[in-house]
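Peer 1: Per TrEMBL, domain 'Pentraxin (PTX)' is recorded for 20-221. Residues annotated as domain 'GAIN-B' in TrEMBL: 533-695. The domain 'G-protein coupled receptors family 2 profile 2' annotation in TrEMBL covers 704-962. The annotation transmembrane segment is assigned in TrEMBL to 706-728, 740-757, 777-799, 811-832, 862-888, 909-933, 939-960. Taken from TrEMBL, the feature compositional bias 'Polar residues' applies to 996-1015. Look at TrEMBL and you will find 996-1036 tagged as region 'Disordered'. Per TrEMBL, compositional bias 'Low complexity' is recorded for 1020-1036.
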Amino acid sequence: MSVCDIGSVSVPGSPGSSLWGKKVVFMGRHCVWQLDKGCVVPPLEELSVCVLLHREIATAEWTGFVYKAPGERQVELGLAGRGGFLVAWLFGHQWSVPEDLPLKCWHNVCLTWSIHSERLQLYINGSSRLDAHVNATLPRRLAHNGTLTLGVSHNIVGGVMEFENGKNFLGAISLFRMWGHEQTAEELRAHSCVDGNVVRWDTNDWDYQICLPEDDTNLQCGSFPNVTASPPAVPNTTPGSPTSTNISGPIGLSTTKEPSDLNSTGTGIASTFYRVHIKLNMTTTVTGNDPRKTIQKWDTDARNVTTTQRLINDLLSGIHFVEEIQVDSRDVHVSHIEPGSCPEDTHESIRGVYIWPITDAQKAETMICEKNSGARASRICELDGVTEKAKWGEPNLKACKPVITISDLDNVTVTANNSADVVDMIEDLLGVEGDLSDSQLATVVQKLDEVLGVSTVTPALGEDIVSIIADILGSSSDLSAVANNILGITGSVGDQMDFPEESQNVTVPSLALSMINVDPGQFQGLTFGVSSFSTGLAPEIFVNQTFMSQPCDGRVVSISLPHALQNFFPEENKKKRVQFHFYGIQELFRVMPSTTYEDPKTNWTLNSYVVSASVNNSNVSNLRNPVVVTLSHLKPKEKNDKVACVHWDFQKNNGSGGWDSNGCETLPSITAYQTTCHCYHLTHFGVLLDVSRTPISEADQQTLMVISYLGCGVSSIFLGISLLTYMVFEKLRRDYPSKILINLTVALLGLNLVFLLDSWLSSFGCYGLCITTAATLHYFLLASFTWMGLEAVHMYFALVKVFNVYIPSYILKFCALGWGIPLVIVSLVLAIEKDAYGSVLSEASLDSLQGSEPFCWMQSNVFFYITVMAFVLLVLVFNMVVFIVVLVQIRHMQTNKPTATVNKRSAMYDLRAVASFTFLLGLTWPIAFFTWGPARVPMLYLFSVLNSLQGFFIFVFHCLMKENVRKQWIHLCCGRFRLNDYSDWSRSVTVGGKTKQNQLVHRSPSVKSDNTSSRKISDDSTTASCSSAPPYHQGA
């Protein structure tokens, strides 16, 4: 087969972009040389690296060069000095050689490695100093497209290169070269003046701003490198008969350094060019041989074109031998070409205006920089291998300082003819300016808007604009004032881009656009997502031509559009286009927490990357079916953390933009690592995390869980004892308060038992069982609070509203309310949406104190807030009001008694009465409303202890401390005490007595006192019975 290349039989007369004969001086200044982005290091399976080092000042540690994989901190390949040792790095491992490079002289240091030999070798001035075995478990290839710096180490942080101080090289560096093959010691000596084929000592391969290269006439190779051509490698074969393999590939034919008897500048030597077609047949009989060798033939005599053409043909034809390799050249055809010259060209950029003169092909021109006369710009007149004509290459202006700034762009009028140049100028200026001020940022955004207003957006222009946006997002500039403008620019790029295919993707570091032209008749939905992403790298995206109703697990982001979206496609004949955007940088969407979300008591922060979708850049809202958006959390969601699905509202904050939750529903989290949203419009979507909540440590969570379970277990036992007491002793349950107490005890006992069994029942994974468990738990919770409310109602009737109309079937009506209201509420929830109950994570459970096991409870936030929060809050507010009124009434009763009688009551009795009321009416539950902010953890401990032990405290105050209850147990156990047929309720008020049918409360016949005696509170009963609380009990 044919391969063609273009070679020159003479050497160009100008060094062009070559750095040969130059050095870079690193003497403690802010001097940085790094590999240019256009020079990409491939995933090499073998390599050779050489560099000239000239140390000026002795330091304990210094860095020669460092190469790192993208986003990694470990050194992939490097050379350094440390404490008199020379250190070589490869794949994160290091080898030390007891060698300290002497000062004030040049040292040629080379590293070689091959996947085949598995050996790392280090040479100093041609002598081997290290021959180490490289473990086969280490990586088998050098990392692709890494970052390389000279004289200093570096790290990539947030997509920005940061340099390590304290280990800088103090001296000069020259001739850094990298080859894609392993060289022997002999080859390294022979190629000491040969440029690399992966990384060259050339300005096109290096990026530098401040430290300019300096001439040094003492460098051994002078100003021109030798360039050699290496034939392709022959694949390894097994031993046997000779194997012949046809190899195809470009064969570079050029010259090495000119003979020493020629003038060094090449003045007066004309260049003659030829095109060569050749077929190569390479054969080897040795297994494992790696024939990356160089075949050189030189002829320095001057000849005419015809003679030279015949000479080239003769030199290339025939069979060539290199050790065990045979190269058979066939069908050689040499033709003379005349490329002409590059015409005079005026090039305008931010670094000045340069007029390049007429230049011959393969020659380079240099010009003094306009801003800094000590530096030079260069440009090569290249030979186009396709047209065989000379053409100008891109000018190398890296050493030239800019002559204009971003502010000067205000004076530039953007037209269709210069729009691409304006974009290029903005790109160059951003590389120089770094962070932008508010005015500079406004100028850049305005000019990009103007470009989009007058230009046809080609894929190349669109990618340049998106790249500029990515650079702005990656800066530290304040973007809040231009956030909407930037989002509008990216949307306009996607809407206006003209591309021939059905879809077009644009990905740059931390930003991605995907545009799809759809057929409305065949539209069945569309799903876009990012499968992987690392800061500073381009995201990997995917597009699926269907609607996916379920969240995409393992994706960074995904957004799925329903079939109903086709109703929003434009009716005119323009293309129906859907575009998706992914923003891997949050700075654009960081606004003040007080302006982002409605609740002023919370502090929300963006906890995901941002994804958006749009149709022809139009407004899409009120969709029948939701858009399914799944966003991975940047910070895993902790227990009790609140998240919210939000969208970007362009009108918020006086037109500056902000987050809003309207139109988006946050689905219950099934993992701590992602949230799924249902939204009914198209815009930019994200997930906010409430960071105002004081975090709970793992130790606190475990402690609170133990307190909860232990407290509920203890309460269940003592509630059972209380219930047993009133069931066994008939005399204790004769009055109304004791009957109300019995019902409250049953409700609390049911609540505690179901709570304790909930996690175990949910572990069976039975859908019906879980709904039943959740509904039962809901029922007993409502019943408990209903009976606490009825306790307050009865307390009010007995102690405050003493004279009233008699209420028949008093307890029966209380039972109907106490057990009927919860039943109606739970039945309505099941009838409206039975799926409101189900299995949720413990953080959504009653007290947020469980582990990570599933918990059967209410899943719907709407039903939870209406049937639980609102109901409980209403009961607690009513009980609090009654509690205050009763305390005032008791105090009034005491003041009407003789002083001597009042003094007999100690403060301890009053305190016991208040505590009794508190637990009986459930007034410890409002503590839950104070479990946020700095006091969250202490409040949670207080809430857990008091409420989990509510049943125990009811037993203490209303059974254990009741004298008549103790007497009943003593009589039952000992039998030696006979109790009178009375209880201390006979000395208290009666509700519903039968002596007077027209009164609800009246004085008992056994009580002989003044009018206040009907509300007398006995000393014994200040702690009441097992679930009633106060001493307002009445006779039977």
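Note that the numbers count up from 1, one per residue, in the order the chain is shown.
Quick reminder: no glycine exception, Cβ is built from N, Cα and C everywhere.
Annotations in TrEMBL come from automatic prediction, not curation.
The shown structure was predicted, so the numbers you read here are calculated from the model rather than taken from an experiment.
Describe the structural surroundings of these features, if you would.
Peer 2: Per-residue pLDDT, averaged over the domain 'Pentraxin (PTX)' (20-221), rounds to 88.
Within its own chain, the transmembrane segment (706-728) has Cβ neighbours under 8 Å at 738, 741-742, 745-746, 748-749, 752-753, 755-756, 847, 849-850, 941, 944-945, 947-952, 954-956, 958-959, 965, 968-969, 972, 1025-1027, counting only residues six or more beyond its boundaries.
Distant neighbours of the transmembrane segment (740-757): 709, 712-713, 715-716, 719-720, 722-723, 726-727, 733, 773, 776-777, 780-781, 783-784, 786-788, 790-791, 794, 811, 814-815, 818-819, 846, 920, 950-951, 954, 958, 1024-1028; these residues of the same chain sit at least 6 beyond its ends, with a Cβ under 8 Å from one of its Cβ atoms.
Cβ atoms under 8 Å from those of the transmembrane segment (862-888) belong to residues 778, 781-782, 785-786, 788-789, 791-793, 795-796, 799-800, 825, 829, 833, 836, 914, 917-918, 921-923, 925-926, 1030 of the same chain, restricted to positions at least 6 beyond its ends.
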